[in-house]
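Worksheet for the structure shown next.
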Amino acid sequence: MAQKTLLIITDGIGYRKDSDYNAFFHAKKPTYDLMFKTLPYSLIDTHGLSVGLPKGQMGNSEVGHMCIGAGRVLYQDLVKISLSLQNDGLKNNTAFLSAIQKSSVVHLMGLMSDGGVHSHIEHFIALALECEKFHKKVYLHLITDGRDVAPKSALTYLEIMQNICNESIQIATMSGRFYAMDRDNRFERIKLAYNSLMGLTDPTPLSPSEYIQSQYDKNITDEFIMPTCFKNYCGMQDDESFIFINFRNDRAREITSALGQKEFNGFKRQVFKKLHIATMTPYDKNFPYPILFPKESIQNTLAEVVSECNLTQSHIAETEKYAHVTFFINGGVETPFKNENRVLIQSPKVTTYDLKPEMSAKEVTLAVLEQMRLGTDLIIVNFANGDMVGHTGNFEASVKAVEAVDTSLGEILSLAKELNYAMLLTSDHGNCEHMKDENQNPLTNHTAGSVYCFVLGNGIKSIKNGALNNIASSVLKLMGIKAPATMDEPLF
């Protein structure tokens with residue numbers, strides 16, 4: 001079966017049964033029509049738990065390409081942490097146990113919402129209750145959201161947090177994310193949040209719910225709630241433990257630096273306490289703190305396996321998707337593997353891609369044809385049109401985008417047959433197959449559905465339905481290479 005192989009990723013072109021405002025359905029696509037008649041094809045899942053995202057959540061290019069390249073499901077932080085907590089994972093979590101065993105007092109801080117972008121309130125609650133089992137005094141430092149969730153939803157989340165409060169668990173401070181989660185070195189904001197954590201802010205006489213309402217009365221929404229501390233809280237003390245429950249790192253670094261770094265230049269701290277700090281995920285490579293959920297090292301990716309076989313490979317895309325067919329598909333590895341060639345085609349310089357829906361598909365295609373004629377063993381290519389034009393919400397332009405991709409596929413398929421190349425064609429997620437909602441409003445987001453997968457290969461008569469984690473092993477099988485045990489089964 002061993003053949004030189006093409007892996008083609010048609011970004012943003014998905015499957016949808018309904019034809020209304022389905023750019024893929026309405027496009028003139030003779031190459032796709034030919035493939036439907038002559039090649040085995042199936043449907044591939046690209047969203048939700050099948051790619052390591054929360055149930056029902058739409059896929060994206062970063063996660064999609066990581067999953068394709070790894071050949072297995074890589075659970076994203078939100079899902080990985082939630083699954084661990086549901087299975088009592090904290091019982092054996094050395095970073096968590098180390099942090100809480102060093103003090104009778106544990107401070108927990110995090111974004112109080114279920115937005116799932118930076119944190120999740122369920123994680124907040126799980127850690128607080130686990131600390132309570134160890135007979136700790138737990139202080140909650142609540143960061144109000146209003147950005148990833150409704151602008152005035154804090155009272156709803158506060159009620160959930162208050163349900164676990166008792167003599168052991170107490171709400172100590174509150175701050176809008178504008179202050180506690182700055183990421184732009186505006187340390188005057190961080191200072192206000194820091195001072196409340198240290199008990200340097202005059203405590204409000206109001207209860208947490210009254211305080212939120214008082215901010216609303218001043219037309220201040222959740223994101224911008226002024227940092228404060230509540231009565232009976234005296235600030236952090238030396239040798240107490242602190243765990244930041246946010247799993248996204250960019251907006252967690254500054255306040256963590258202020259709390260933990262002895263050498264800190266953001267602002268002059270009136271008080272600096274020696275805390276036993278732990279973070280939910282890696283926030284900064286220079287932070288020395290224990291990490292509850294370390295980053296997973298992704299090894300034995302498709303590109304790595306091919307490289308170890310001393311075969312050649314070329315990764316080709318235009319600017320908009322270049323990182324996806326290099327860094328992301330290689331498991332977060334920036335440096336090319338041995339015998340890995342990379343081709344970057346410049347995306348057109350237009351304000352929005354509906355002005356040029358063909359984008360740089362022609363130039364990308366020429367690069368693919370050149371690599372095929374050179375006999376490159378594996379060619380990975382991304383066509384960005386379906387996604388980037390789909391994001392504009394322009395249905396007519398999205399139809400043209402699909403047609404441009406179809407033209408490119410026709411040229412590649414023709415040469416593949418001539419040169420005996422195998423081919424696997426799929427998408428990282430959908431987009432352009434659903435361009436308007438039931439009220440005729442433009443849809444610009446990815447879809448949470450399936451995508452097509454076509455295979456051209458010697459002796460391949462049928463392929464199974466699957467998910468993106470089945471792609472890498474399928475490509476390796478076409479190439480006659482044994483897939484590593486870390487990869488999931490192929491589609492045929």
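Using the three backbone atoms N, Cα and C, a Cβ is placed for every residue, glycine included.
Features reported for this protein in Swiss-Prot:
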BINDING   Asp11, Ser61, Asp428, His429  Mn(2+) 2 binding site
ACT_SITE  Ser61  active site, phosphoserine intermediate
BINDING   His118, Arg147, Asp148, Arg177, Arg183, Arg248, Asn249, Asp250, Arg251, Lys321  substrate binding site
BINDING   Asp387, His391, His446  Mn(2+) 1 binding site
Legend entry - Other residues, Cβ within 8 Å of Asp11, Ser61, Asp428, His429 Cβ centroid (Mn(2+) 2 site): Ile9, Gly12, Thr46, Gly59, Asn60, Gly64, His65, Lys321, His324, Asn382, Asp387, Ser427, Asn431, His446
Inset, instruction - Measuring CB to CB from Asp387 (Mn(2+) 1 binding site), give everything in the same chain under 8 Å that is also at least six residues away in sequence. - result: Asp11, Gly12, Ile13, Ser61, Lys321, His429, Asn431, Cys432, His446
Legend entry - Chain-mates of Asp387, His391, His446 with C-beta within 8 Å of site centroid, Mn(2+) 1: Asp11, Gly12, Ser61, Gly386, Met388, Gly390, His429, Asn431, Cys432, Thr444, Asn445
Inset, instruction - Going by DSSP, give the three-state secondary structure for His118 (substrate binding site). - result: coil
Inset, instruction - Find the one among the binding-site residues His118, Asp148, Arg251 whose C-alpha lies closest to that of His391 (Mn(2+) 1 binding site). - result: Asp148
Inset, instruction - Give the three-state DSSP assignment (helix, strand or coil) for Asp387 (Mn(2+) 1 binding site). - result: helix
Inset, instruction - Could you state the whole-number distance in Å separating the C-alpha atoms of Asn249 (substrate binding site) and Asp428 (Mn(2+) 2 binding site)? - result: 25
Inset, instruction - Return the single residue from the binding-site residues list (Asp11, Asp428) that has the minimum number of other CB atoms within 10 Å. - result: Asp11
